């Protein structure tokens, strides 16, 4: 028996893509279908900044700082930029914060809708491709300064390993090896991880490495916020393994952040990479 409160389209079998369903039934609800005034609007909206992800044997870690900026103004000090996408994956946002959060919600619904319609979850590559399509639909706004550039990571049940995907504003999808970072402080975060990352790190060591990387990014990029010990605001950290994804409790992140800060009191530039000296030939 049909439900008179719902339009007929909601009761008919259809596409496993929720965004395809919206495109037919309510296209104005899709971010990329809205009319945008001409001109550059990038400085009119808060921007999320630095997201970092790194793999370890048995999983992957994603972390994001808590600062949002609007031009030279700190728009928010405790924004959350890392969200669970489904049970085994997470997405971190950089770019126009409002549009990015909306895209994450649509992506979460997209994955949930697919699972309900098909009775199974999308593969890791399938999830990455769905996110790429959503980013591509935002290209018009990106050309006017309202870009969304997320970082996607999760545990792949098929290959039994953590995987990381980055994107460009056109929806181009690129799988990354070992670690990656996006956002205004990403250059400094990646440079930090080049010195800190090892492929035999434990989950906790990987979390400390990404927190160190965010600290280094905040040290050189004014749009990235470091651990705020006065307000007790620390990065959001998601850990994904074969058991699923979980947000690391704030108290645990605070313990690691305090450890990082204590180390910086004696070594302001952070840990150093060990060098093995070899005698020069003929010396």
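Just so you know, glycine gets a Cβ as well, placed from its N, Cα and C.
Long-range Cβ neighbours of residue 49 (active site, nucleophile) (same chain, at least 6 residues apart, Cβ-Cβ under 8 Å): 65, 67, 68, 69, 81, 94, 183, 184, 185, 221, 223, 224, 225. According to its DSSP assignment, residue 49 (active site, nucleophile) is coil. Residues annotated as active site, nucleophile in Swiss-Prot, with sequence analysis given as evidence: 49.
Per Swiss-Prot, the feature region 'Disordered' maps to 264-283. Across the region 'Disordered' (264-283), DSSP assigns 3 helix, 0 strand, 17 coil.
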